[in-house]
Structure formats: structure tokens, C-alpha cells
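Peer 1: Please read through the structure below; I'll follow up with questions.
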Ligand code: HEC
Ligand code: HEC
């Protein structure tokens, strides 16, 4: 082998490794995901995952690992209730395989997210929300949401979901679900601990603030 051939071979190897390590390429078949999304999910989450109904979350642009995890955890396991107990979504995932879930998650991760619905323009509410989101509440030991979900609400993959622009009504419903234990799929109970220290007023305010983040 000539030296120039060796150099070319090494360069090809490096290039193929780079392509393989590219984190933007999700683990899943987006075309297959798109097909299931159109058939089952679009009625509630819209065809590209940008739900316009404030109770139904926007899925577009969410990290694939997070979405696939949610789909698995909506599934009830024999006698045990699901880690994320929601009857509507439990019936939606009942007949999906783990691969279907990965494909759906990969499809939604590639869609461009739109901004959801907020419910108030009240400055004092949004100011309280911003204070909690960026600085927490020292008196009651509520940590800043931004420490895990990032300052802009883009989240930190793979564990900390993107929140920015999500419907305020949906966000508030999840804070309530963590509080009441119908949702207990947060590793180390990080979210359950956070919300146990928050007032309803704080939860509402931070939900409104997050829905306006871009
Ligand atoms: C009948 C309406 C409906 C249909 C159809 C539906 N969903 Fe949902 N989905 C919901 C609702 C309501 C929630 C909020 C559940 C909760 O409060 O925990 C939700 C939550 C989710 C979440 C959690 C998002 C997050 O940010 O944590 C994912 C992921 C999801 N749905 C994916 C799907 C997929 C994939 C399908 C199709 C296979 C589907 N949904 C079909 C209503 C629906
Ligand atoms: C210590 C880290 C941590 C902090 C601090 C934190 N979160 Fe979270 N949060 C998480 C993790 C981890 C999840 C994902 C749980 C899962 O896998 O289902 C999550 C999930 C969520 C969800 C569900 C998103 C969805 O699409 O359903 C909401 C809403 C949320 N957090 C809001 C907040 C708010 C508001 C604050 C501040 C008051 C906050 N979080 C502070 C770690 C954190």
C-alpha cells in the first residue's frame, strides 16, 4: 500500500467515525415514526407534534431519549400502575413496541417547535415566574429550574427535557402530577422534591413564564 493510500484510508475512517458520533442523528427511523404519528397521534398532538390544545403537550423539538422514556413509562406493567399514570396515553402506547417508541421519538425530535399557549399577561405573575425559574426560592429551598433545564429552557440532553414554549396549562398539570404522585418517573425524585416545596401560586407563575420562553 502506498503512503497516500494509507492517508486516504485513515481519513475515511475518521470521517465515518465523525458521522457515527454525530449527536444530531437520533437513534430511530424517522419515516416509520412519521407514519405512526400520522395514524394515531396527530389528532391530539398535530401531525408535526405542535399540539395547539393546551392540555396536550407540544412534542416537536423534544430530545428523543426523553420522549422515548415517557412512552415506555406510560405503559402499565401487569399489576403495577405505570410510573407515569395517565389513562389516555396508557391506551395509546399499549400496542407500541420499544422500536415504535424510538421511531416516534426520533421523528418528533426533528420537528421545528412552535410556541404554545400562555394564559396571562399579568406582569406580577410573570415576574414571580421568572424569579423562581432563574433563582428558585431561598426561603423554601426551591432550586432554580434553570439549573437543570438551562437558562433558556432548552433543557440539557438526554435527561433534562426541553421546556421552553410548552403550553402553560400542560406544564402546570405536570407539576401537579409530580406533587400528587401520579407522575413518579423522575430519576432520584428530583421533580417530586422540587414541587413538594412550592406553593400553587409559584407553580402557576413558573408555568406561565416557561410558556413564553423561546
Ligand atoms: C386522545 C388524545 C391523545 C392522543 C391520540 C395521543 N396523545 Fe400523547 N398525550 C395526550 C395527553 C392529554 C398528554 C398529557 C398526559 C399527562 O398529563 O401526563 C399526552 C402526553 C404525551 C407525551 C408526554 C410528553 C412530555 O413532554 O412528557 C408524549 C411523549 C406523547 N403524549 C406522545 C404521543 C404519541 C407518540 C401518540 C401516538 C402514538 C400520542 N401521544 C397520542 C393526549 C394524546
Ligand atoms: C435537579 C434537577 C431539576 C430541577 C432543579 C428541576 N427539574 Fe424539572 N425535571 C427534571 C428531570 C430529570 C425531569 C424529567 C423526568 C422524567 O424523566 O420524566 C424533569 C421534568 C420536568 C417537567 C416535565 C416536562 C414534560 O414535558 O412533561 C416539568 C414541567 C419540569 N421539569 C419543570 C420544572 C420546574 C418548573 C422547575 C423549577 C421549579 C424544575 N423543573 C426544576 C429535573 C429537574
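Glycine is treated like the rest: Cβ placed from N, Cα and C.
All annotation found in TrEMBL is predicted automatically rather than curated by experts.
Dumping what TrEMBL says about this protein:
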| type | residues | note |
| --- | --- | --- |
| BINDING | 41, 44, 45, 89 | heme c 1 binding site |
| BINDING | 145, 148, 149, 191 | heme c 2 binding site |
| DOMAIN | 28-112 | domain 'Cytochrome c' |
| DOMAIN | 124-214 | domain 'Cytochrome c' |
| SIGNAL | 1-21 | signal peptide |
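Help me understand the surroundings of these features in the structure.
Peer 2: Applying an 8 A CB threshold to same-chain residues 6+ apart, the list for residue 44 (heme c 1 binding site) reads 51, 53, 56. Annotation note: residue 44 (heme c 1 binding site) sits in a helical segment as assigned by DSSP.
Cβ neighbour count for residue 148 (heme c 2 binding site): 16 (other Cβ atoms within 10 Å of its Cβ, all protein chains included).
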Peer 1: Determine which residues of the same chain, besides 41, 44, 45, 89, have their CB within 8 A of the center of the CB atoms at the recorded heme c 1 site, and list them by sequence.
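Peer 2: Filtered neighbour residues, in order: 40, 42, 43, 51, 56, 59, 88, 92.
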Peer 1: On the DSSP side of things, how many residues of the domain 'Cytochrome c' (28-112) fall into helix, strand and coil, could you say?
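Peer 2: Its residues fall into 45 helix, 3 strand, 37 coil.
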Peer 1: Where residue 191 (heme c 2 binding site) and residue 45 (heme c 1 binding site) are concerned, what is their Cα separation in Å, rounded?
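Peer 2: Per the Cα atoms, residue 191 (heme c 2 binding site) and residue 45 (heme c 1 binding site) stand 24 Å apart.
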Peer 1: Whole-number answer please: how many Å between the C-alpha atoms of residue 145 (heme c 2 binding site) and residue 41 (heme c 1 binding site)?
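Peer 2: Given the Cα positions, residue 145 (heme c 2 binding site) is 29 Å from residue 41 (heme c 1 binding site).
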